[in-house]
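Data first, discussion second: the structure below is written as structure tokens.
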Amino acid sequence: MSDEGECKSEQLEKSEEAEEKKEKVEGQEATSPIPNTISVPEVDDTATENKNQSDNHADKTDETSSQDFAAYEEHMTYGADGGAIYTDPSTKQKYKWCATGNNWQPLSIDETVAGQAGDPYENEHYKWCPKTQQWLPKKQETETEHYKWDDEKKKWVPKQPNQEGVYGVDEHGERTYTDKDGVEFFWDATKSAWFPKIDDDFMARYQMNYGFIDNTSAGEKEKAEKEAAEAKRKEEELKRMTAEAEAAMSRDNPASSAAVPTGKRKAQEPPKWFEMDPSQNTKVYVSNLPLDITMDEFADLMGKCGMVMRDPQTQKFKLKLYAEKDGQIKGDGLCDYIKVESVNLALKILDEYNLRGHKIRVQRAQFQMRGEYNPALKPKRKKKDKEKLQKMKEKLFDWRPDKMRGERSKNEKTVIIKNLFTPELFEKEVELILEYQNNLREECSKCGMVRKVVIYDRHPEGVAQINMASPEEADLVIQMMQGRFFGQRQLSAESWDGKTKYKIDESAVEAHERLSKWDEFLAEEETDKKASEEKKEEDVDSPETQLLPGDATP
């Protein structure tokens, strides 16, 4: 018993010394930097001294040392390399056991953060399970981009791509087809073709791609405002044209204009320069362009933000690159869009856009008057050109395709017949053109309805064009006219390719020759007429035709 009491007293003394050392270390840490190596309470000193004592006290010593180690074990962790790390509970300072120096060394801030960031028992996809001693996935994925988990085979199998569509039957018994993009089609038995099924999903996709037409009250109000503005513009244009006509008449007849009394009507204001409303301005001014830019490159650049306007006559883009007198491009240009929304898009996307090392600038086009305004210099559009331009715009923004699936092209309705005549034939007898047209119309009407017959009388190949109502009727005309003889000439018939132009315009020299021949023809006709009249007068005045007195009348 005395030995046990001595042992306990020694343990108490050791623990008190350890606490004193710990307090000293904490004081040093608070007042001075942490040294390179510090001494941590020797937990195992009691156990080593008890080993030197008798074997009777070994069990008691082991129990005591295990209790002391358990007090420190809750503050012990292990790094990625397996080294022990002790965290001081009072200061939260971490120490790492150095096997070479056999002492505890404090961890730096970088090592502490690195130790907190990395966990050796856990990564992005797996976590170590101490019970099963296995790495377990954090989340059980059953499908990836290219593979899918097969529960029956217990392995990953590659996905089978769906290259073709799916055929089926809907609730109404109609045949359906769904392509790989998810678009559903139905079969039209009358036209023998597949057509897209127009439902809410189809309309939603269409509106997302091509925009939304607002049919609400706000949209109707905006439409009414545009119509009112258009009507006002037309009225002002009519007034301006009327004023110009009256001014022209007054210049031609100054006396009559002076005699007209002046009424109470207010005098018409002459046309003047006006600023365009930005909400209706479809033109943008582009500067700082490369000096070697071409018109095609400029068209591709501006076409990124919308459709560029085309000239109704020449069908060329309404683009302009300003140049010097010698033809050198200045580096700025003008673009005319069809929609005002394209202008806003160009200001957002193309402004400060880097084009081959040049940061271009895009802004709304503003026009300034130079000198005095002359309304006669403003180009006047004919009504026919305006209608043509409006039809072109409607066609560009029409979402319907030019032809449906399985439908033949429009140019296949036209038949071209060659080697029908020689141009010299119609120069001698012009009335034969109408005769040839009537003969072709009568013959081709056996195959269907003939819409139009055109004779290109100046073409050297003797070309005639026949427009039928359908491509099938045109095929019958080709079958009937191919290789056929007409006026000792073998004909050739084919479908029009939609591109070739057979009309040949008359040159100035040819027109002069034709008019001179016509004048000669008229002169000869006048000469023959005079000659015939003189002959009749001579016949009347001749003595053979005169009756003497007493002669019987014939």
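The backbone N, Cα and C atoms fix where each Cβ goes, glycine too.
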Of the residue ranges 100-158, 218-276, the one that TrEMBL records as region 'Disordered': 218-276
Among ranges 380-414, 520-554, whichever one TrEMBL labels region 'Disordered': 520-554
Within the predicted model, mean pLDDT of the domain 'RRM' (282-367): 89
